[in-house]
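Novice: From Swiss-Prot, for reference:
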- 32-155: domain 'AB hydrolase-1' (DOMAIN)
- 109: active site, nucleophile (ACT_SITE)
- 133: active site, proton donor (ACT_SITE)
- 273: active site, proton acceptor (ACT_SITE)
């Protein structure tokens, strides 16, 4: 039976980016293996996966701006924490961390859009990409599971503010609802901590669903996703697709599409969306094997 550790992995470190303090984990030595979370999580999501990669490289996991232990933006409002603003902060942090030229990316949720985008811009610096429950193509509402479609349509309406900023729906309902097991109180409190204060401190959890590329909107995010997916569907960059069963956002036609990408290995693990909380051992072992194969092929 899988043991689900509750303690964070590693020791948090901090760097100032554009006047704001950003938190990250940076453990071990060697070529970088970069783990990137999405909404509404943090580097805490990777706590039971990163130990499987010890000894295989430098393990880096950053908290997005306004999330985890990173600072909040001020003043805040509906125009803050857009994809573009999140990207500017994260890419500046990655640049400051000097990740080197043999990066392996491990991506989930919005961390996948950010990582795919970065990889597309730095193709000669990425050795391979592992991804799960990722944003791989623009979507339509028909692609969304009926059980959550209404909630996400609500986030993208004027009701989004009370849903997310007052009632903390993304943390209190969406997160636990997309995990097969029940998180402990201690685990939930780690995820609650960045958003314990109501109002604008919770803005990132609302801006992210409003940035999802659904039915052609927002146009700039749709264009960006089309740009990186056009590259991913033709590049021989080694890929590891960690398929979730039953899954949430990579299902049906989108799963079929992802399976067309070249030079890709696939494993299937139990999970809905936050698969790291249901299958950390299987995911960690698969990524470790993937990295060993990449390093061996590169003669490292």
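The backbone N, Cα and C atoms fix where each Cβ goes, glycine too.
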Novice: Would you count the other CB atoms within 10 A of the CB of residue 109 (active site, nucleophile), including those on all shown protein chains?
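Specialist: 25, counting other Cβ atoms within 10 Å of residue 109 (active site, nucleophile).
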Novice: Could you state the whole-number distance in Å separating the C-alpha atoms of residue 273 (active site, proton acceptor) and residue 109 (active site, nucleophile)?
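Specialist: That comes out at 8 Å between the alpha carbons.
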Novice: With helix taken as DSSP H, G or I, strand as E or B and everything else coil, how many residues of the domain 'AB hydrolase-1' (32-155) land in each class?
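Specialist: Within the domain 'AB hydrolase-1' (32-155) the tally stands at 51 helix, 27 strand, 46 coil.
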Novice: Please report the distance from the Cα of the residue listed as 'active site, proton donor' to the Cα of residue 109 (active site, nucleophile), rounded to the nearest angstrom.
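Specialist: That separation, Cα to Cα, works out to 6 Å.
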Novice: According to DSSP, which of helix, strand or coil covers residue 273 (active site, proton acceptor)?
Specialist: coil
Novice: When you measure from the Cβ of residue 133 (active site, proton donor), how many other Cβ atoms are you left with inside 10 Å?
Specialist: 25
